[in-house]
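Data first, discussion second: the structure below is written as structure tokens.
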Amino acid sequence: MQAFINRSSLLKTIINLIAIIALIGSIGLSVSYGSTKVPIETVWQAVFHFQPDITAHQVIQELRLPRAIAAVLIGAFLAVSGAIMQGMTRNPLASPSIMGVTDGAAFALVIILAFYPTVSNLGGTFASFLGAGIAVSIIFIIGTLSSGGLTPVKLALAGVAIGALLRSVSSVISLHFQLEKEIGFWMAGGLDSADWNAVKLLVLSGIIGMLIALFISKSITVLSLGEDMATGLGQNNTLIKILGIVSVLVLTGVSISIAGAVGFIGLIIPHITRFIMGKDYRWIIPSSAIFGALLLVLADLVSRLINAPFETPVGAITSLIGVPFFLYLARNSGGGSK
Amino acid sequence: MTTVKIRKQKRFIWAMITLSILIIVMFFISLSTGVIRIAPMEVIDTLLHKGTKQQALILFDFRLPGIVLALLIGAMLAVSGTILQGVTQNDLADPGILGINTGAGLAVVLYIYFFQDILTLTGLQSIYLMPFAALFGAICAAVLIYLLAWKSGVNPIRLVLVGIGVNAGFSAILTILQLKMDPQNYRQVTVWLAGDIWNANWNFVLALLPWAFLLIPIGIYKAKALDVFNLGDEVAAGLGIKVEKERGILLLIAVALAGAAVAAGGAIAFLGLVVPHIARKLIGPLHQLIIPISTLIGALLLMVADTIGKNILAPSEIPVGIVVSILSAPYFIYLLMKVK
């Protein structure tokens, strides 16, 4: 038995290592491809022997590198948020975009921009935490008040409705304050505004969010087996849930304030990692981070190449990848037995 | 039995009369409000060709076609939602949620993208062809959703979930397509997709009229089948109804109504969902009565939303679809909480 666990842990570690290598490779690709292709050697030199007078080095240092790093972090954060949500609610469709959390964050950002146009990056991030928090609270209130609790289909529909409502109110505000461009950007999702300041913000919030996530990962495993069981094992479910929600809000909020509504990563990745890694969230959460990062870096690369020299919103790319997966889930777990 | 029936009929007649009066009142309020206010008496004068030239221009060329379009689109979407809810036996079905509206929108955008510039869309031919493009898109979307939800039968919950997914997919394709358009078209298409009665002119009214006046009466005529579906497929078959055939015809009517409405009014969500519920509350479960009531409520609701959108932030206009969402999403959430 012990040997078996060790061997499967070894296998999981190897899979994670392979994913990390793939991630590093795709970061390399992401930095070297763009409106002009830069050879990998130049990328290497720009990172490790930076010379400010070479344009290619500047492009890499100031534009492409921070963007690639932001993609890594945001992909990781969204995937971990999704994993925590699915583990806590035992709902296969729980994820930031399906639950209207992204729309909530965008809504708060639009309000802040309308009334304090000079708001700092940090202020914007804080607003998007609040907005995400509002959306999550609404979903939970609906869940508590509704007869029969939040089934997967109710969750999805409530997400659609709240998303539509918040998006509509955002549109009205943006029309009035002439912020259509900003809201359009958040609704579509994109990484083109990611600079080193954004990366700093991501790293700082990420440390908080990820530490909480890893800290509660064992308890989420227990919670995902059923709430009664968790209580029986002497676990303080309320505390774990609050910590989980805080971590989701921090991770999702900061991601949206920088990249806008990038959907479906938080839905797909946890399912894939659960399939590979099993039921233990101490494995699922770190692997979700790696796989999520890989997915967003690649999606960002595709979004720049598919219609070059124009950028396609990365949210559209992740949706196109995510929708077939969502449909698969809808056929299998959402729709009952018939 | 007969007294109940008579009471129902009385109630139905009263509801129809009240709604008609509300529509007429709202019609005049809507005509007289706007950036340039025209007093209700002057509106009547102008309609009788006794007003000033400027007033006639505003009313006949700008406001009237927009309002008539709002009435038509509202009625069509409401009937479409009513039929969809009846056929799928699902209280939460709606052409918007099921992705039929987005499918129609995608087809229209493709049509614009490949065949012509949006600025020449006032050309007659293209206006009459646009509902057909939308219809094609709506049918494709409906077939796709039905096939994807099929798993030895179609269960209502799966249908809705698949619809949400297909909707997200179409939206993503739309986003990509929109970016390939020039900025002018991009803006117009964005606003239109939020649900906007664009290009409100008489040609659009003429293009929609046959759809509304053909399909809604057929819907009412076929309403009996919807009531029988409520009893279950086997009972329906036992009562001599060709279940699959009737279901197909009714679905086609609903999809065609939604498609044509989208061609003129963009993807207006939630209207088709909410109106049948209000109608059922007013008049009970008989579809022969629900469909006419839904027609009027839908028309009234969209006209009210259109008027609010045009005036609340004047001179900027809020697309009518956004007003409809803000008004009806809370009601939808309420319904969601009640449904088991």
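Each residue, glycine too, has its Cβ placed from N, Cα and C.
Sequence annotations record features per position, and here TrEMBL assigns transmembrane segment to B:12-36 (among others).
The annotation transmembrane segment is assigned in TrEMBL to B:56-84 (among others).
Proximity of distant same-chain residues to the transmembrane segment (B:96-115), defined by a Cβ-Cβ separation under 8 Å and at least 6 residues beyond the stretch ends, is recorded for 84, 121, 126, 129-130, 133-138, 140-142, 144-145, 159-160, 163-167, 170-171, 173-174, 177-178, 180-181, 185, 189, 192-193, 255, 258-259, 262-263, 266-273. Here TrEMBL flags B:96-115 (among others) as transmembrane segment.
The transmembrane segment annotation in TrEMBL covers B:127-147 (among others).
What TrEMBL records for B:159-180 (among others) is transmembrane segment. Sequence-distant contacts of the transmembrane segment (B:159-180) (same chain, six or more residues past either end, CB-CB distance under 8 Å): 88, 90, 92-93, 97-100, 102-103, 105-106, 109-110, 113, 141, 144-146, 148-149, 186, 189-190, 193.
Proximity of distant same-chain residues to the transmembrane segment (B:200-221), defined by a Cβ-Cβ separation under 8 Å and at least 6 residues beyond the stretch ends, is recorded for 61-62, 65-66, 68-69, 72-73, 75-76, 79, 82-83, 122, 124, 127-128, 130-131, 250, 253-254, 256-257, 260-261, 263-264, 288, 291-292, 295. Taken from TrEMBL, the feature transmembrane segment applies to B:200-221 (among others).
Remote same-chain residues near the transmembrane segment (B:249-274) are listed as 69-70, 72-74, 76-87, 92-97, 100-102, 104-105, 108, 130-131, 133-139, 142, 191-198, 204, 207-208, 211-212, 215-216, 218-219, 222, 225-226, 298, 301-302, 319-321, 324-325, 328-329, 331-332, 335 (criterion: CB distance under 8 Å, separation of at least six residues from the stretch ends). The feature transmembrane segment is assigned by TrEMBL to B:249-274 (among others).
Look at TrEMBL and you will find B:286-305 (among others) tagged as transmembrane segment.
The transmembrane segment annotation in TrEMBL covers B:317-337 (among others). Only residues 6 or more beyond the boundaries of the transmembrane segment (B:317-337), in the same chain, are considered here, and those with a CB under 8 A from a CB of the stretch are 70, 91-92, 191-192, 194-197, 265-271, 273-274, 277, 301-302, 305-306, 308-310.
Long-range contacts of the transmembrane segment (B:12-36) within the same chain, counting only residues at least 6 positions beyond its ends with a Cβ under 8 Å from a Cβ of the stretch, are 42-44, 58-59, 63-64, 67, 71, 282-283, 289, 292-293, 296-297, 299-300, 303-304, 306-307, 310-311, 314-315.
For the transmembrane segment (B:286-305), same-chain residues at least 6 beyond its ends with a Cβ under 8 Å from one of its own Cβ atoms are 8, 12, 15-16, 19-20, 22-23, 26-27, 30, 67, 70-79, 81-83, 86, 216, 219-220, 223-224, 226-227, 265, 268, 271-272, 274-276, 278-280, 320, 323-324, 327.
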